[in-house]
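**Q** To start, I am sharing the structure in question, which I have written as structure tokens.
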Amino acid sequence: MNEIGYLEIFARAAVLFWPVWLALAIVMGTSFMFRSRLSLYGQLYDSWVGIIGIFLVLFWVFTALLADFIIPLDPFQQVSGMKRAVPGTIIPDGGASYDVYLFGGDNLARDVFSRMIVGSQTVLAIAPIATLFAFMVGITLGLPAGYFSGKTDTILTFLANLVLAFPVILLFYLLVTPGIRDTPIPTSMAAVLFLFPVVFFVMFFYSRYYTRPDLVWFQLSGVILIGGWMYLGLAFNADPLGILSMDPNTLNIFVSVVFVNSPTVFRIVRGLTMDIKTRDYVAAAQTRGERPWYIMLWEILPNARGPLIVDLCLRIGYTTILLGTLGFFGLGVSPESPDWGLAINEGRQLWRSVVHIALPPALALMTLVLGLNLLADALREQSLKD
Amino acid sequence: MLIFILRRLGVMVLTMLALTFIVFFLTNLEPNLIKLALSDGNMRMTEEQTMQWLENRGYLRPFHERYFEWLGGVFTGDLGESTRFKQPVTELLAERLAATGKLMFFVMITMVPAALLIGVLAGMREGTRLDRGLSIVSIGSTATPEYVSGIIFTVLFASMFKAWGETYAWFPEWLHLNGSAASATGRSGITFYNFTLPVMTMAIYGMGYVARMTRASMAEVMTAQYIRTARLKGVAFRSIVIKHALRNALIAPFTVIMLQFPWLLTGVVIVEAMFNYKGFGLALVEAAENNDINLLMACSLASVAVVLITQLISDIGYVYLNPRIRVK
């Protein structure tokens, strides 16, 4: 008997996930108990859609965080004789830290199960942060475009539509190639795009507290110190402290994803701003003599947060799909990396004979995106209730 | 209206100029030119030989000169020759676009009715169990990108059902489908056997989004005053939905469906690469992998044109469908 049955495979997989179950039980249990005190997040526990969404998202978050405690085998280790092994194949001779390839072996005789788990780390590291950056860019540009209208608006909208009209795949093929990394394009794009969060926070504090110099200097120096440090580290790989760094490969993917996502965010923010600026409280602020940036960041933005949070959830899911697409075409990922999209692509080339290689990462990606979409739906329902 | 369309056309031309310029710039970056030389010429050329190769074929001439040359070609209908397929680009593109057009056609005639049906059924009685169930289905479908549903469908229809069909006599033969659409452009033409999987895969991802939009718009219409009047008048629920609500509820999804085209374009690339269907998407992938400049330029021109024209149609159509909207 060289294989174990499907029932045993799933039972063993479930046991291996014990740190995730534990973390999920603690977090979701306590959140459920105190849900009445947790405002928006707590309200999500009122509906099944919200609970399932939170469950799926947290499941992958904890899997990514605790990956080292879950993986039974080294995801890069090739074991002879395990090439394209069917799920549940027992590793021939001992010596390995675990005795079974739960979800089988891939084309290079590596453990599909461990690779799926480690693959979640790249996705969950890049997708949410890239989406947040895209939001910073979209908000910083969308607010003035919607508020001032006129020439700024025309030019920015034209640029946004320009990027949106670009076929995404073509853009990725042109931007995320090894050759591009030798040119200054990714770094200069990063230099521009990563500037927006810093600008955003500087304006955010300055517009409100500029009348109180003691406070504003303190805040601004904090923002510029932290922001500048992250900016140097992420965009130029020149962190003076040597903590933050991003390898050129990841930077390339990251920048392209932010670049593709921000025009859509820009359009949403612009639309919301144009709608909200006609409200009475904006008129009141204008009559008080508040400056435009104060009105945009402290009057309009907080009132636009509902749709924006929903869109943030959806967009993280969309970014996950985009990252999968990149991997699927083998763009911007090193061939050994356990990226989900890449694994799907590898499995697809042999799926007529072996089906199990592509299926686990495909289902993993689907459940993560499904969780995010359900979460977005639950959030939308909640915001409609208010 | 005429001025509106003219102005939009002007912006369109400007967008296309800017985009082709960017694509031209990116494809002519040195690393990409070297990729072209290595794939089209000899793989084992030294650096010096590569440069010589590029020089001989005129790739190292000033950038703007070559861009305007290309632009001149566009206006005279000459898009150059594809280095990857050794064929005039216009000829190749026409052939490939026709193949993709067929795929799109089938995707649209399956996706749109299914999405509208789901959306209308879910939206007509908001908050019921039917609505919840259908909403979960459409959320699930938006969470399934083509490369995931493609894998799942192929595993099911192409390998599992094949094995079942061979072992069990009762198993319906027609459920076993081909996991490759390569034969659809060949002699056998489009058949149910080779075309269902790609169409299904593509339709699923877009369906959920359109269904969600239809549902939202339907739910909004169902709370309108005239629906209440109709109900109080004693009109049957069925005819309220069909006669009163549907017409107004379908305006918003119309725009959404039109704006789906750019999205479908990405889907086309994935699905065609996945199922090996020789259409526009596969041409784009192969052109990009080999940095086939002329073909890439033509591909981007075609896809941008599709995106912009559908946007224009959706805007104009919206005005016609919704008389309350006036354009300035």
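These residue numbers are counts, starting from 1, taken along the chain as shown.
Placed from the backbone N, Cα and C atoms, the Cβ positions cover glycine too.
Keep in mind that TrEMBL annotations are predicted by a computer and have not been checked by a curator.
From TrEMBL, for reference:
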TRANSMEM  A:15-35  transmembrane segment
TRANSMEM  A:47-71  transmembrane segment
DOMAIN    A:120-376  domain 'ABC transmembrane type-1'
TRANSMEM  A:123-143  transmembrane segment
TRANSMEM  A:155-176  transmembrane segment
TRANSMEM  A:188-206  transmembrane segment
TRANSMEM  A:215-238  transmembrane segment
TRANSMEM  A:250-269  transmembrane segment
TRANSMEM  A:312-333  transmembrane segment
TRANSMEM  A:353-376  transmembrane segment
**Q** Can you say which of A:47-71, A:215-238, A:312-333 has the most Cβ pairs under 8 Å with the transmembrane segment (A:123-143)?
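**A** Most contacts with the transmembrane segment (A:123-143): A:312-333.
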**Q** Checking distant contacts: for the transmembrane segment (A:47-71), what same-chain residues at least six beyond its ends satisfy Cβ-Cβ under 8 A?
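**A** Those are 16-17, 19-20, 23-24, 27-28, 31, 113-114, 117-118, 120-121, 123-125, 364, 367-368, 370-379, 381-382, in sequence order.
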**Q** Same-chain Cβ contacts of the transmembrane segment (A:155-176) under 8 Å, 6 or more residues past its ends?
**A** 141, 145, 185-186, 252-253, 255-256, 259-260, 262-264, 266-267, 270, 322, 325-326, 329, 331-332
**Q** Using a Cβ cut-off under 8 Å, which residues of the same chain at least 6 positions beyond either end of the transmembrane segment (A:312-333) come close to it?
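**A** 122-123, 126-128, 130-132, 134-135, 168-169, 172-173, 176-177, 249, 252-253, 256-257, 260-261, 264-265, 339-345, 365, 368-369, 372-373, 375-376, 379.
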